[in-house]
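Straight from TrEMBL, the features:
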{"type": "TRANSMEM", "residues": "20-43", "note": "transmembrane segment"}
{"type": "TRANSMEM", "residues": "79-98", "note": "transmembrane segment"}
{"type": "TRANSMEM", "residues": "104-121", "note": "transmembrane segment"}
{"type": "TRANSMEM", "residues": "142-162", "note": "transmembrane segment"}
{"type": "TRANSMEM", "residues": "174-194", "note": "transmembrane segment"}
{"type": "TRANSMEM", "residues": "243-261", "note": "transmembrane segment"}
{"type": "TRANSMEM", "residues": "267-285", "note": "transmembrane segment"}
{"type": "TRANSMEM", "residues": "306-324", "note": "transmembrane segment"}
{"type": "TRANSMEM", "residues": "344-360", "note": "transmembrane segment"}
{"type": "TRANSMEM", "residues": "372-393", "note": "transmembrane segment"}
{"type": "TRANSMEM", "residues": "413-431", "note": "transmembrane segment"}
{"type": "TRANSMEM", "residues": "438-460", "note": "transmembrane segment"}
Amino acid sequence: MDPLRQTLNPNKRLKEEFVSNLTGSSMLEIAALSAIIPALVILRQWSSFARVNGKFNVEVATSKKDDDKVPSRRDFRSYAISLVVDYFFVVLPVLLILTVLADWAYIFTVLIILLLLCISAKRSSYLCFKGEQHSSSPRTTISSYRVLVVITTCLSILAVDFKIFPRRYAKTETYGTGLMDLGVGSFVMANALVSRKARNSISVNWKATLKSISPLLFLGFGRLITTTGVDYQVHVGEYGVHWNFFFTLAAVSLLTSIFNIHPEYCGFFGLLVLVGYQVCLLCGLNKYLISHERTADIISQNKEGLFSIFGYWGMYLVGVHLGYKILFSNHSSKKVGSIQSARARVWILAVLFWFLTIILDKYVERVSRRMCNLSFVMLVFAQNFQVLSVLMLSDLVPGQKPLALEEAFNQNLLGSFLLANVLTGLVNLSMDTLSASSVTAVGVLLGYSFVLSAVTGLVWSCGIKLKFW
């Protein structure tokens with residue numbers, strides 16, 4: 001055996017076993033985490049409101065025309081302080097709740113939600129007394145939601161390699177509801193809600209399509225070559241032998257371009273795809289996908305990744321329709337009444353999707369991220385719309401602006417995710433994460449998350465955008 005491979009990753013098999021054969025946590029715990037994490041963002045936004053014009057805050061732009069606005073040199077010190085405070089108010093608590101404080105998740109959820117409701121009630125009564133009405137655009141909330149998805153994912157992909165990360169939060173083997181199961185689905189939905197298709201830009205442009213998926217294909221092959229070259233641990237049951245997350249995103253984008261459907265009808269067509277795929281699963285496809293048998297052909301080697309594309313594509317189409325209706329149709333203008341209607345729809349959809357998830361999980365087929373079945377798709381919608389509904393409470397503060405941390409990550413979502421993957425790989429190749437003590441693990445994760453936040457903030461402050469597709 002090549003001695004270099006042994007040196008680079010001697011604990012590959014142990015690390016793969018460490019994330020295998022897991023069954024996940026309960027839907028109630030997923031719902032609790034989906035409430036507490038966005039609540040932390042809201043509390044930080046409200047706490048920073050009093051200093052919007054003070055030295056600890058940098059005014060950031062929320063309109064499309066100001067996307068490239070960055071802090072001036074005179075404001076850089078204030079921006080850096082604001083970024084550090086955001087880290088300690090948002091990133092650090094999320095990291096602790098996902099690791100050493102995981103057993104206290106329900107208690108912290110209740111306490112923070114009660115605090116959130118008390119502050120909401122006081123602010124609502126105050127605004128009513130003053131006769132003021134204010135609502136920020138749902139698109140601002142979507143930006144906060146997308147950033148939160150990326151930050152939580154970036155924290156989890158390294159934390160899962162340490163023993164302080166609860167095994168119930170890691171990806172499940174076949175059926176179940178693990179927190180990390182929701183990562184890819186959340187990325188797909190976040191992209192769908194604000195996609196060109198959702199904005200009714202439906203003209204087929206193959207040049208734009210190829211430009212959009214070429215970086216994803218490059219990253220997909222780059223990940224495949226890199227992980228193979230350094231003998232990095234890969235759980236084959238997740239996507240298959242060669243498939244990965246980036247190939248799935250590229251396939252969904254390509255299918256959406258080939259089948260050029262108006263966003264008004266994307267919801268119906270997406271449901272047809274999801275129901276048809278679920279019928280195939282119940283007719284025997286599910287047994288094939290969860291079996292450990294693999295032949296030499298490329299389809300069998302990557303059966304999980306290839307067949308789950310239909311589930312993710314259906315999810316994307318439904319997400320496009322919901323984004324079109326809630327964010328970009330005529331009723332989603334900046335008028336207070338229209339935005340309040342959009343908020344009500346988000347809350348109703350969150351409840352509806354949770355109800356459908358429970359029913360499908362019990363009477364049709366259990367939730368399975370590995371197959372991306374119908375109940376899993378409904379779980380992704382339920383969890384994500386719940387996060388959106390909590391984030392929409394930020395409307396109770398007039399003139400609310402995004403946090404410095406949000407603005408930085410929002411300008412380089414994929415770039416920050418790629419940096420997190422590189423840092424995760426470096427940590428895994430430089431130390432034995434399985435034998436690390438709790439103190440060491442927390443120290444490494446704190447350093448990793450701080451470096452990730454600092455570099456992302458620095459890149460944004462320099463005016464660098466990696467949204468090249």
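Every residue, even glycine, has its Cβ placed from backbone N, Cα and C.
Counted as Cβ pairs under 8 Å, contacts with the transmembrane segment (344-360) are highest for 20-43 among 20-43, 79-98, 174-194. Of the ranges 79-98, 174-194, 306-324, 372-393, 438-460, the one with the most Cβ pairs under 8 Å to the transmembrane segment (267-285) is 306-324. Within its own chain, the transmembrane segment (79-98) is flanked in space by residues 33, 36-37, 40-41, 43-44, 47-48, 55-58, 71, 104-105, 108, 151-152, 155-156, 159, 165, 169, 179, 403-406, 408, 445-446, 449-450, 453-454, 457, 461, which lie at least six positions past its ends and keep a Cβ under 8 Å from the stretch.
As a quick check, the transmembrane segment (372-393) and the transmembrane segment (438-460) miss the bar of 3 or more Cβ pairs under 8 A, pairs 6 or more apart, so the two do not touch. Sequence-distant contacts of the transmembrane segment (20-43) (same chain, at least 6 residues past either end, Cβ-Cβ under 8 Å): 89-90, 93-94, 97, 105-106, 108-109, 112-113, 115-116, 119, 144-145, 148, 152, 166-173, 175-179, 181-182, 235, 237, 354, 357-358, 361, 379, 383, 386-387, 390-391, 393-394, 403, 406.
Counting Cβ pairs under 8 Å that are 6 or more residues apart, the transmembrane segment (306-324) and the transmembrane segment (174-194) reach 3 or more and are in contact.
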